[in-house]
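Down below is the structure, laid out as structure tokens.
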Amino acid sequence: MPIQITFDEQDELASDVLVVALPDHLNQLSTLTFQGHNLTELLDTYKQHHIISSEVGKVSSTRFNENGLDVRLITVGLGNLKELNRARTMEVFEKLLQTLKGNHITSADVLLQSFASKAIEKIEIAELFSLQAKKALYHFNNYKADKRVPYHLNLKIHGAEADEVTAIKDGEIIGEGIKLARDFSNIPPNILTPEYFADMISAHFEETSVEVEVKDAETLQAEGFGLIHAVGKGSEFGPRLITLTYQGADDDSAPIALVGKGITYDSGGYSIKSKLGMQEMKFDMCGSANVLGMIEAAHRLALPINIVGVIASAENMINGEAMKPDDVFTALNGETVEVLNTDAEGRLVLGDAVFHASQYQPSVILDFATLTGAAVAALGEDKAAVFKNNSDAPLEEITKIAGENGEWTFELPVTETEKHLIKKSEVADLVNHTNGMGKALFAAAFVMHFSGNIPQLHFDIAGPATTNRNNFNGPKGPTGYLIQSIVDWLRQEIK
């Protein structure tokens, strides 16, 4: 583990490094004291002499040695507290943590109270700090020959009361859910086949409160999952449908359904991708990995809620058995689908998965998929597109929470036009592709067609599921996008 957090109700140092936050105006904070020293006066003096800075995210370091307290004082700027929010706070934590790592500091004491203000309470700061530590210090080197010991940081938190200690532990759990999603997403596709993916999921949740059921290729074909089977039959590694159930509430409480696209590798099939387009297609299962992260956090937090998770996993490859343009397959709901583009496979597996989830009579279905380049073209690489099928879907609640967390989601419409287009086949009930514009809207209409009247939100995370640069949420690669926000929403639903 890259980080270990301990607590201390006393002012006993575990290291020679003391971390304190510094706002523009110290009178915005209550007086800070440590071991009898008035740190507010000290910080103000150092700030006036430009020894330390309150600029947002600016990390400063100086030595303090007075009356028996001899520490390396590290401050991180908070800027104007009136402009401070959750997303900016997480950026501040990332700058601090990366500075500690860059300076090879392996142990530090943190004065929690210094980060709290009227803008963000201490209990919220506590959870965000531990969560961001897990995210920002994420490390994955499982397939490198040089097994260097990863950076490890011991943090001792001062001033955390009982509810704040709980918040810190909750933040760690959510962070570990994000780590789980990132770890799965980083596994190379020659290893993470649908079968291996299903086996790993079953093993991970063994002896937990999450039950796992796996359907193999033969079972999928026999039970009528025609779309998942069609996508996966071009690979020697057959498709899998993984259903996870978490029962945290009474049996009569309707579950929330979380559905994930789990294409462990996408060549495009006979509608083959270019050589550049094929790179990083191992990440076409990030939607399913993120669903796993959400369920991991929910069950470890023991949320009093019922969840059904559905992961449709397949490889979209080419052989003599693979689906072809013009093929027609029968979906689980009994409708036929004409395949015009084999690279529009994600919506096919999601169609069967969403209908399967609907059989559990959930209160809402949320699906997550790296589905269309059109969503990236519309919104950029750092934002997710979200679509709703009716007014009962919790769009406003989730987008508000996500925005506060810096996980930007923006609604795109599904209109009668798209609902008509998906039925524009001469030979089948539905068609999986359009040659016109609005491809993200078309794909969303197709996926949400299978939920019937059950409220559904479809998240197209093709852009932010991965990042090609280091940012405040951690290193480049898979991000675990929306895990934090969906878990926050689940907790809000309980309240």
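Using the three backbone atoms N, Cα and C, a Cβ is placed for every residue, glycine included.
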### Task
Name the residue, out of Asp266, Asp367, Asp382, Asp392, that Swiss-Prot lists for the same Mn(2+) 1 site as Asp343, Glu345, please.
Asp266
### Task
Would you identify which residue of Asp216, Asp284, Asp326 Swiss-Prot lists as part of the Mn(2+) 2 site it also attributes to Lys261, Asp266, Glu345?
Asp284
### Query
Cβ distance under 8 Å to Asp266 (Mn(2+) 2 binding site), same chain, sequence separation 6 or more: which residues?
Lys273, Met278, Met281, Asp284, Glu315, Asn316, Asp343, Glu345, Gly346
### Query
Out of these binding-site residues, Asp284, Asp343, Glu345, which one has the fewest other C-beta atoms within 10 Å of its own C-beta?
Asp343
### Query
What other residues of the same chain, not counting Asp266, Asp343, Glu345, have a CB atom within 8 A of the CB centroid of the Mn(2+) 1 site?
Val231, Ile263, Ser267, Gly268, Gly269, Ser271, Lys273, Asp284, Asn316, Thr342, Ala344, Gly346
### Query
Looking at the active-site residues Lys273, Arg347, which one has the fewest other Cβ atoms within 10 Å of its own Cβ?
Lys273
### Summary
Spacing of the two Cα atoms, Lys261 (Mn(2+) 2 binding site) and Arg347 (active site), in whole angstrom, works out to 8
### Summary
Those same-chain residues, other than Lys261, Asp266, Asp284, Glu345, found with Cβ within 8 Å of the centroid of the Mn(2+) 2-site Cβ atoms are Val231, Gly262, Ile263, Met281, Met285, Ala314, Asn316, Gly346, Val349, Ala369, Thr370
### Task
Based on DSSP, name the secondary structure state of Asp266 (Mn(2+) 2 binding site): helix, strand or coil.
strand
